[in-house]
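Here it is, the structure, as structure tokens.
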Amino acid sequence: MSEIKLNYHKTRFLTSAANIKQLPEDSGIEIAFAGRSNAGKSTALNALTNQKNLARTSKTPGRTQLINLFEVEPNCKLVDLPGYGYAAVPEQMKLQWQKSLGEYLQKRECLGGVVILMDIRHPLKALDQQMIEWAVSADLPLLLLLTKADKLSQSARSKTVKMVREAILPFQGDIQVETLSAQNKLGVDRLSAKLDAWFAPNFATE
């Protein structure tokens, strides 16, 4: 099979769901984007798709409370999961989000991979590690994307990547670590190549 290369610039908004029960049919391949409320998820999705307003960004962390689905091509979807861990969100709502996230990662059959976004200056917080555990226990491949990479010098970036790669060894899953800066598009090509690989089974010839 020749390598597929999807055009993420054609991605369009599909639908929003308040919980897993409201999601569309469990078919095709979905790739989920998860992260703390200030990790830059919406900004990363906008950089990937080269669309300024595809995923709505906000100065108020925790605004994305719904599961938002975007279609790259038929049967190829990106899923923007609710941001987790923001202090100003009521405890009850936080617990509800965490329950939904765990349920989605464990039960969604068409989930082909998970991108966990973390601010490169504050990686691997407790809730990030919880998400990694859930994904690994569900046998899902993971990409840990260290965002806002332009905030660090190149040597500090390399050092952080090395530290994160060593720290995740005990999880023993299929986990890769990359950096991303939406500001100067650093790492967007590597992100799209990883997504292409995860979507590839959709295009396998019979």
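The backbone N, Cα and C atoms fix where each Cβ goes, and this holds for glycine too.
Pulled these from Swiss-Prot:
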- 27-201: domain 'EngB-type G' (DOMAIN)
- 35-42, 62-66, 80-83, 147-150, 180-182: GTP binding site (BINDING)
- SER42, THR64: Mg(2+) binding site (BINDING)
If you count the other Cβ atoms within 10 Å of each Cβ, which of the binding-site residues LEU66, LEU180 comes out on top?
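Sorting the candidates by Cβ neighbours within 10 Å, the top entry is LEU180.
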How far is it from PRO82 (GTP binding site) to SER42 (Mg(2+) binding site), counting Cα to Cα, in Å?
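SER42 (Mg(2+) binding site) has its Cα 10 Å from the Cα of PRO82 (GTP binding site).
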Do me a favour and check the Cα-Cα span between LEU66 (GTP binding site) and SER42 (Mg(2+) binding site); whole Å is fine.
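That separation, Cα to Cα, works out to 13 Å.
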I'd like to know the mean pLDDT over the domain 'EngB-type G' (27-201).
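So the average pLDDT across the domain 'EngB-type G' (27-201) works out to 90.
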Determine the most Cβ-crowded residue among the binding-site residues ASN38, SER42, using a 10 Å radius around each Cβ and all protein chains in the structure.
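When each Cβ's neighbours within 10 Å are tallied, SER42 leads.
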Quick one: of LYS41, LYS148, which of the binding-site residues has the smallest count of other CB atoms within 10 A?
LYS148
Which whole-number value in Å describes the distance between the Cα atoms of LEU180 (GTP binding site) and SER42 (Mg(2+) binding site)?
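Between the alpha carbons of LEU180 (GTP binding site) and SER42 (Mg(2+) binding site) there are 13 Å.
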State the three-class DSSP label for PRO82 (GTP binding site), counting H, G and I as helix, E and B as strand, and everything else as coil.
coil
How many Å separate the Cα atoms of GLY35 (GTP binding site) and SER42 (Mg(2+) binding site)?
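Cα-Cα distance, GLY35 (GTP binding site) to SER42 (Mg(2+) binding site): 10 Å.
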Counting across all protein chains shown, how many other Cβ atoms sit within 10 Å of the Cβ of PRO82 (GTP binding site)?
25
